[in-house]
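Undergrad: Here it is, the structure, as structure tokens.
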Amino acid sequence: MSILHATILTVFPEMFPGTLGHSLAGQALNKNIWSYDVINIRDFGLTKHKNIDDEAYGGGNGLIMRPDVLGSSIDHALALNPNAEMYYPSPRGRVFTQSFAKEMLKNKNLIFLCGRYEGIDERVIEEYNVKEISVGDYILSGGEIPTLTILDCLIRLLPGVLMNQNTLSSESFEEDGEFKGGLECSLYTRPEIWRNRAVPSVLLSGNHRLINEWKKAQSHMITKLRRPELLKDL
């Protein structure tokens, strides 16, 4: 079985593995279910100051990461991971979803280009057929946090990461799962009564048919209230 391997291009290599070195992802890393290497873009910087950015042609605010610097670092990454698919976290990109995550895993070799400043030179995207990917309609300081987020999602989907792989079928957004791509139902555990709030009686009934019906109804109601666009295909 091929493992997931991620090559990460960044100016902050110390940010990795970060949260991915803990909990499920960290355990999976220790089991060699996935692996990673980090390339410091600044190692390919220009002059003794290791410059990696410059002013934008046409004016505008902020600095742009230079294509010659990025090109050298990407060439190095491709030498290490030659068959990899390359992704650039960007607000212009295709929105990352659970189904997109499964699509990404068709290639277990991935490169993530973490941008900084105002962004990267467009010619880099064109030259290397880089796929832009967005984690939402908001702006972050760089691509490192989106990369950590995307990798966390991908790692959870790998066989052997979750103790019970069936857990995936009862989670939000799983199109083939219990809630058909909608949001997960409300969850309860002990104590049965907490601060005068009781667990719904149906969950204590032992009647699996009624419990399943309640869960599906809850999922539909929550999805309709909070993410109605997810119901269009249900």
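Start at 1 and count along the chain as shown; that gives each residue its number.
In case you wondered, yes, glycine gets a Cβ from its N, Cα and C as well.
Dumping what Swiss-Prot says about this protein:
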type: BINDING; residues: Gly115, Val135, Gly136, Asp137, Tyr138, Ile139, Leu140; note: S-adenosyl-L-methionine binding site
Undergrad: Excluding near sequence neighbours, so keeping only residues 6 or more apart in the same chain, what lies with its CB under 8 A of Gly115 (S-adenosyl-L-methionine binding site)?
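TA: In sequence order, Met65, Tyr88, Pro89, Ser90, Gly142, Gly143 meet the Cβ cut-off.
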Undergrad: Measuring Cα to Cα across Gly115, Val135, Gly136, Asp137, Tyr138, Ile139, Leu140, which the record gives as the S-adenosyl-L-methionine binders, how far apart are the two most distant ones in Å?
TA: 17
Undergrad: How many neighbouring Cβ atoms, not counting its own, are there within 10 Å of the Cβ of Val135 (S-adenosyl-L-methionine binding site)?
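TA: The Cβ of Val135 (S-adenosyl-L-methionine binding site) has 20 Cβ neighbours within 10 Å.
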